[in-house]
Amino acid sequence: MFLRSDLAVTHWVSRSMRKLFLVLSLLLSQAAHLEGRKDNQFLWKTGPWGRCAGDCGPGGAQSRAVWCFHIEGWTSPMSNCDESSQPPKERSCFRVCDWHSDLFQWEVSDWHRCLLVPGAQGEPRPRAVECVTAQHGLQHRTVRCLQKLNRTMVSNEICEHFAPQPPTEQACLIPCPRDCVVSEFSPWSTCPEGCGKKLQHRTRVAIAPPLYGGLQCPNLTESRACEAPVSCPLGKEEYSFSLKVGPWSKCRLPHLKEVDLSGRNIQDFSSDSNEQVTLTHQSYKAHHHSQPGDVVIGFQTRQVWCTRSDGRNALLSLCVRDSFPLTVQPCVMPKDCETSEWSPWSPCSKTCRSGTLSPGVRSRSRNVKHIAIGGGQECPELLEKETCIAEGEFLQPCPRYSWRTSEWKECQVSLLLEQHDPLWHETGPICGGGIQTREVYCAQSLPATIASRTKEVSRPVERTLCLGPAPSASQLCNVPCSMDCIVSSWSTWGPCVFENCHDPQGKKGFRMRQRHVLMESTGPMGRCPHLAESVPCEDPMCHRWLASEGICIADHGKCGLGHRILKAVCQNERGEEVSGGLCPVPPPPERMACEIPCRMDCVVSEWTVWSSCSQSCSNKNSDGKQTRSRSILALAGEGGKTCPSSQELQEYRLCNDHSCTQLYWETSAWGSCSENTLVTALNVTIGWNGEATCGVGIQTRKVFCIKSHVGQVMTKRCPESTRPETVRPCFLPCKKDCLVTAFSEWTPCPRPCQPGNTTIKQSRYRIIIQEAANGGQECPDTLFEERECEDISLCPSYRWKPQKWSSCILVPESIRQGRTGTSEACGKGLQTRAVSCISDDNQSAEMTECLKQMNGMPPLVQECTIPCRDDCTFTPWSKFTPCSKNCEATQIRRRQLTGKSRKKEKCQDASLYPLVEMEPCPCDTFMSHPYGNWSACILPEGKRDAQQGGLWVQGDDKECGEGVRFRAIACSNINGRPVDPSFCNSSGYIQEACVIPCPFDCKLSDWSSWGSCSSSCGIGVRIRSKWLKEKPYSGGRPCPKLDLKNQVHEAVPCYSECDQYSWVVEHWSPCKINNELRSPRCGRGTQSRRIRCVSTADREGGAVNRSLCNQDDAPQETQACSLLCPSECVMSEWGTWSRCPQSCDPHAMQRRTRHLLRPSLNSRTCGEDSQVRPCLLNENCFQFQYNLTEWSTCQLSENVSCGQGVRTRLLSCVRSDGKSVSMDHCEQRNLEKPQRMSIPCLVECVVNCQLSGWTTWTECSQTCGQGGRMSRTRFIIMPTQGEGRQCPTELTQQKPCPVTPCYSWVLGNWSACKLEGGDCGEGVQVRSFSCVVHNGSISHTAVPVEEALCGEVPFQEGILKQLCSVPCPGDCHITPWSEWSKCELTCIDGRSFETTGRQSRSRTFIIQSFENQDSCPQQVLETRPCTGGKCYHYIWKASLWNNNERTVWCQRSDGLNVTGGCSPQARPAAIRQCIPACKKPFSYCTQGGVCGCEKGYTEIMRSSGFLDYCMKVPGSEDKKADVKNLSGKNRPVNSKIHDIFKGWSLQPLDPDGRVKMWVYGVSGGSFLIMIFLVFTSYLVCKKPKPHQSTPRHQKPLTLAYDGDLDM
């Protein structure tokens, strides 16, 4: 009882204590909560960061406000907030300045792949159940702010100062998810032999990776236990054991505690048991190997343990048999690369002020003191650069550079003429289109303020300093052609006048005629002929009386004697009316006697006007004559005055009695413009050099008096008034001094030394920018200077100087004994040596100097071996046996075993220890064979004239003709080893002559002479032509468009003066009465006259062919006439019609009159004495206007093919009826005359493509081997103009390089994993390297050669050695990579969604023991992009049903069976099952899971959708009995139709039990039919209402619907 009560008390106390503890805990928790709430009531709050202040760059600072506030929103003292969590008030920043915009920029990457939008909190989005085509995605890109110079990333705030940050993400669409697709499993592996538990496995590989959120790949491996394992018999071990070695430890030096390890034991910590391995050790004696100071030898160890085939550890003794594996070895202690301190920063590269505020660059460097050894840290960057800004207010502005040009050189017409005709040669002055060139160079641009103060011209610099395209160095130009004046015809000879009417002297005068300039001369050689001619004459008179006669007025009565009134006016030599006081005294009488015939008198007409003079001048043989005549109008009656004789009816007088020899002034060409000191002193223009260079000068010429047909005569024979000027002012051409640029800077000499023992020269040049002209200072002779570089020493060369190798260093004896238990100093060790850098004079140098000049550094450490007692020993190798001259011979060397090795069996294994070595003998027989294709035909290079600006001229590189083509030769020895072509006595090429056909242009004849004008009066056409001589071929210039006769024509308008040929008429013959028997002989008759066509230019007035005169204006040769009888009234001839107004107003009248000469005897009234008629246009009234032709084509001078020409148009006077008339008609009416009858024009020059010369051949594209090419290029200087030869497409030429052998280091394959005594575990793989010779591509045909031919070894230890592992039995290991799958595109509806496809490969793991499967690695899937992929689709395939079961699998469109890829929702059923079971006769379970009927039966379904029974189709050949018989006749049913309608004819439900759509359709259609029938019945049965209202007037029926159904 006591015990029980005691326990109860104890229990009560403990419960009370627990309750008390719980209450205290709650109190403390509440207090802490309240305190925490108190602390959390005050929080820190910060404002935005202010502007960055300070210097530009990273040295700025910015601040912000920080305060404490209560959670309710009011500000609190700072002490209420926790000071430890107070945010900082200041921070450093990068102050952005304006010039930083050139330093920093946003760098935007390409958009990444479109990825699915992640779900909330970064979780993967749940896969959509239905995805039709695409799903929403998101794609990102990287946006960062970069410093342009070194491409380093800086804060985004810097770039945001200049431009907003580009977006980093955007929405996109991606295809529906695609699951991982894998292949089918491989067959199960065979079970391993032996007893015990064994596993077998099977694997599959990845075909396509998961994309766009698809499912990951399933397991690629499966394992299972072998069936019926064989139990191990008694006495046999169930497990196998393997010695496993671990990785080597890091290299270290021995510690002091490892000095003496004698007698200690080493625990085998790798074993699961507590087995100890006891090893005895000798005492450690310290000794040191001599090592170079840079290399320290340490040691490294590894663990060794025994593992069982099930993966468990076992006793080490179960694995160690003959020899224990190596667990300790010497190694090189790691040593990092050692560099010097940074050098001081170099000066800022920008030492001037530019407008762009772009920064400069400064750098600093450091040198390598010692390279990394033993796997130490490699050397860091040795050069560092950063941007800098040169500060200072007095910085000079940065130089700017721009393209400059010289003046254009003289226009060279010959360049184009040679293109037209290669055989052209200069025979005289040439003109027309040409090409001119100029020099283009780059020079420093001087500011305007500096350029105005300095006299120095620009200095050429490197062309690379100028930005932008260079100006053109050539252009088309024109040398103006000279053309003489075009003058009018001569005027008529004027009267005989004094030479100077203002001061008449002497008794001799001159008769003169003039002509005027129609078109001025052009060009420097254009001349005008003389414009005035004179002939001397007697009795000159400057003023003459000109009298006009009135009609005859009878003095008494109406007939008999009378008088005429004479009206005289005084005219000067120009025909102008002047005062009568100037004419000679006395003036002509005012009255002149005349006679009026009486009634019976003979009546004669008035005198006609004097005819034109028969000759323009008189000579000894003939004189000029003029005639006038009158005719008998009426015969005399009885007692009347008789008619005059025929001689009295005509009068003659002399005219143009001056000589036919004319006098005129002839002038020489104007001389050059020369200075006139009086004039130029007043017209001074000061040039930049302070000398008078321009002004006004004078030109002079000589004047000669020429007598036609004689030559020069005395000047006094010619009238002084027409003497041309001999002096005229002119603009004195400016003197142009030669201007050259300043010399360029000397090309730099190498600093501070020159490589090689050659003479280095530096040069400079200058360019002529203006040639001297007009007596200016000539150009200097020296434009290029060269000199040797002075005080330049040879660059020192450096080389490595290795010391002797040290003795072989082994692991210290104490450590070797403690790890291996042996004291013999043998085995593998290391040798070291020191390597120093020395110059040519054996002086020590920095290691950096050798590293710059040499490729790598000689090795500092090498492996060595100290033979042990049990090792095999040999004699040294003998020398190789001599070689014979046979190329197939070999040479041999031998060695022998020595000592005890001769008795050891392992030493006699020739595969391990060969005693004989053989190698082929060198062969001196070489063969050559061609390689590659022939090069293009290469023409020999010509010399280029520097003065031609790089254009084609005679003697330049040819474009066609004979050339050479090349083919490379490969040289090899008899074994196929490539050697240098010189061994085959060859230059490396086969050369073959070739020909490039020369292009021939279309050749036309010269222009024929111009034909005569097609019109003899007015405007016509002149034609000239060319005809084809040679057709073009081989790319020559094409021909212009030719006519059917292979001719090309050119037509220009022409004008012939209408008075050039005129009709001359003689007087009418007397009127011949028709009836001669009549007396007196009067009445009607005919009269005739003689007409002839004469040339107005012919002095003699001789007749010409009548066809030259205008036939429309030919005068009548016969006309009707009348001879009035004595008793008849006689009237005078009709006067001329009065002039109509110029407007030809039809209301205006034209009038003519005549007067009575003799009244009739019987007082009959005479005829009318006046007539009027209206002014009708184009009948008796004409209007006149100037007619202009169109501008002609551009006319060039003779023998000129292009350039400046003249377009002309012709002016004629045209009557309103379209007839061309003399220009006098338009001139007399003062019509406005067009000003310009010619304008300059330009005929585009046909220019062949102008090319530069070929550049020098480039270096070979390969330093050795086959397939190397060298090339040269040329450039288009001036493209083709017009129909010139096109530029060749081949602007680059290539030819093969000589085939020289290539020597390369080749790495061998990795060796098997060497474990050095272990069975599995961690080991090392090595591979060797060798020097091979090849022809440019390393293949299996590469031949190993001497290593010296390949130079320094470029491989480091990491390339020649790598760690590896060998799995132990029982370990889980990974398989090799599978083959890459086919390239597959992502496609939607059979169309590619992306341009690149994907390939996949995988590797999985193999389980050897289920106990170790947790330690297996993960399976790996690797994907890479690919091109040339295809679109594949995946479909479900199924086998035939077998007992309502079948196999279903997914197959790719190329026939590959896969897992994945097909839609799981569309997977067909693999098991067929109907519920309820199909027990009706002739029924079976269909694929859809519902009961159907066999062939020949149709389904009768219940309303519930289940099968009621199977009904036999009538006419079916199936003889099975029906369940129910149908009444009626059995009609034959087409079985095919039955098959078509079988699936839906009587089945209202689909296989899923849902109502089919046709049921709804039939129901809806039936309902509509019923409504239609009811509505129709209603209309048929409805009674029509009688119409009781009175009919209204019918309105016309319209087509508008008014709502009445009856309509």
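A Cβ is built for glycine as well, from the same backbone N, Cα and C atoms used for every other residue.
According to Swiss-Prot, the cysteine that forms a disulfide bond with Cys481, out of Cys431, Cys442, Cys528, is Cys431. Note on Asn1105 (N-linked glycosylation site): other Cβ atoms within 10 Å of its Cβ, all shown chains, come to 8. Predicted-model confidence for the domain 'TSP type-1 2' (102-177) is 78, expressed as mean pLDDT. When the disulfide-bonded residues Cys411, Cys960, Cys1387 are compared by Cα distance to Cys1121 (disulfide bond), the shortest distance belongs to Cys411. Of the candidate ranges 871-924, 1183-1246, 1371-1432, 1371-1432 has the most C-beta pairs within less than 8 angstroms of the domain 'TSP type-1 3' (179-233).
Taking CA atoms as the reference points, Cys1260 (disulfide bond) and Cys1297 (disulfide bond) are 6 Å apart. Rounded to a whole number, the distance between the Cα atoms of Asn1457 (N-linked glycosylation site) and Cys749 (disulfide bond) is 74 Å.
Within 10 Å of the C-beta of Cys411 (disulfide bond) we count 21 further C-beta atoms, all protein chains included.
Asn1187 (N-linked glycosylation site) and Cys1426 (disulfide bond) are 79 Å apart (CA-CA, integer value). Under the three-state DSSP scheme, Cys971 (disulfide bond) falls in the strand class.
Long-range Cβ proximity for Asn1335 (N-linked glycosylation site), meaning a same-chain Cβ under 8 A and a gap of 6 or more residues, is found for Ala970, Pro978, Gly1265, Gln1266, Val1299, Pro1301, Cys1302.
Under the three-state DSSP scheme, Cys655 (disulfide bond) falls in the strand class. Listed in sequence order, Trp408, Cys411, Gly433, Gly434, Ile435, Gln436 are the same-chain residues six or more apart from Cys477 (disulfide bond) with CB atoms under 8 A from its CB. In the three-state DSSP classification, Asn219 (N-linked glycosylation site) falls within coil.
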